[in-house]
Amino acid sequence: MTTFSEKEKIQLLADIVELQTENNNEIDVCNYLKDLFDKYDIKSEILKVNEHRANIVAEIGNGSPILALSGHMDVVDAGNQDNWTYPPFQLTEKAGKLYGRGTTDMKGGLMALVITLIELKEQNQLPQGTIRLLATAGEEKEQEGAKLLADKGYLDDVDGLIIAEPTGSGIYYAHKGSMSCKVTATGKAVHSSVPFIGDNAIDTLLEFYNQFKEKYSELKKHDTKHELDVAPMFKSLIGKEISEEDANYASGLTAVCSIINGGKQFNSVPDEASLEFNVRPVPEYDNDFIESFFQNIINDVDSNKLSLDIPSNHRPVTSDKNSKLITTIKDVASSYVEQDEIFVSALVGATDASSFLGDNKDNVDLAIFGPGNPLMAHQIDEYIEKDMYLKYIDIFKEASIQYLKEK
C-alpha cells in the first residue's frame, strides 16, 4: 500500500532536481518540502544557516525510540552544462535511468526519505516512537547545516541515524574524517636578480614538505591496526578482493597534498607560498593528532615563517557494525537486493555524521545507506536507476518500522 504512485514519486524527485542548489540556495528546497509536509499535516520547521541556506526538520510519532533520517539538499557544481547530454537541472528519464544533477548525490536519497516519512504517517504504520527527518544544507563543503542541527540538540535523543548517501548495496557503519590543512610560508620579495637580499618562501615550504613526506612515510609503516575496515567497500567497487597490504593502507590514515601555490611572476622572489592537504583521519590517528603532527614539523622547520590553517575539520565516526539498525537494514534489503551483493563496511569518505555525532560517545546506531551508485556522484550526466530509487523507498519504510518495533 502506497500513498504516492510511481509517477508521483518520480515527479517529486523531478521537482527538487529543478531547484538549483549548487553549494547554495537550499532554502528553495526547504520551502518546497515545508509545503509538502503541510499538505500531509506533518509538523516541520525551517532553520536558517543564512539568508539562502537552511535546514528543514520534520517529525512524525512521539516518544522513544527515535530514528533520525537524514539527507543533504546541496549539490556540487554542474560545470559546463554544454557537456551534459541532458539538462542537469531537469529530470530526464531514459532507459530506466533518471538523469540530473543530484539524482544520485543525493536528492534521490533525500526524496526517498521524505516519501518514507509521509507514507508511514498517512498509512498509520509507525508501531511506536518517533521518526525525525533532518534535511541539511552545506554538506558538500563545511557541513554548516549539520553543525547547526547538532548545536541545537536535534541529535541528542536519537537512538539510530540513517544517512541516505548513495551507497548502492553497501551499508556503512563508520567512516573516516576529513581535514583541510593549509600550510603557508612567508618570505621577503625582491627582484630575482638579487635573491640573496630576499627570502624565498618556496624554499621554506619545500623544506616543510620534505620533512612532511619523510615523517608521514615513517608513520605509515606503523599504521597497521585499524578499527575501521574498508576492504568490503573496495571489493564491491573494483569487483575483487584487494591485497592485505592495500587493505591496510586504505583502512588507515591518508594524507594527500592536493593544491600548491607560490609566486606571481618569474622575475620576482616570492614572499608567500602555500600547500594544501586533504587528510583522512581515523580513530588511531584522529584530528587532534593530525594538527599536532603538522604543527610539530612547522616548529622543526621555522615557526616564524610557517603557519597552519585548518578550514575544514571533520572527525571520523564509528558505531557498532552489528547494531540493530545495521542488521535490520541488511535483513530488509535482502528482499530487494541479491543477498551476495549486500555488504557491511566502513567508508573512506566523510558525511554529515561527523558533525551530527562527533566521536559518538552515546553509541548511536549509524547506517549510511541509500539509493544510487556512489561512482556516479559528481559526474557529468549523473543519474540514478529508477528501480533502485523506488525500491529504496520500500526498504526505508520496512526498515524503519522494524527498527522502531524491536528497538
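Here the Cβ of each residue, glycine as well, is placed from N, Cα and C on the backbone.
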(message) For the Zn(2+) 2 site that Swiss-Prot describes with ASP105, HIS378, which of these is also annotated: GLU140, GLU142, GLU341?
(response) GLU140
(request) Pick the one from HIS72, HIS191 that Swiss-Prot also lists for the Zn(2+) 1 site with ASP105, GLU165. (result) HIS72
(request) List the other residues in this chain whose Cβ sits within 8 Å of the Cβ centroid of the Zn(2+) 2 site residues ASP105, GLU140, HIS378, in sequence order. (result) VAL75, VAL76, GLY102, MET106, ALA377
(message) Measuring Cα to Cα, how many Å separate ASP74 (active site) from GLU139 (active site, proton acceptor)?
(response) 7
(message) Residues other than HIS72, ASP105, GLU165 within 8 Å, Cβ to Cβ centroid, of the Zn(2+) 1 site?
(response) GLY71, MET106, GLY109, LEU110, GLU139, GLU140, ILE163, ALA164, PRO166, THR351, GLY370, ALA377
(request) Please work out the number of neighbouring Cβ atoms within 10 Å of the Cβ of GLU139 (active site, proton acceptor), leaving out its own Cβ. (result) 26
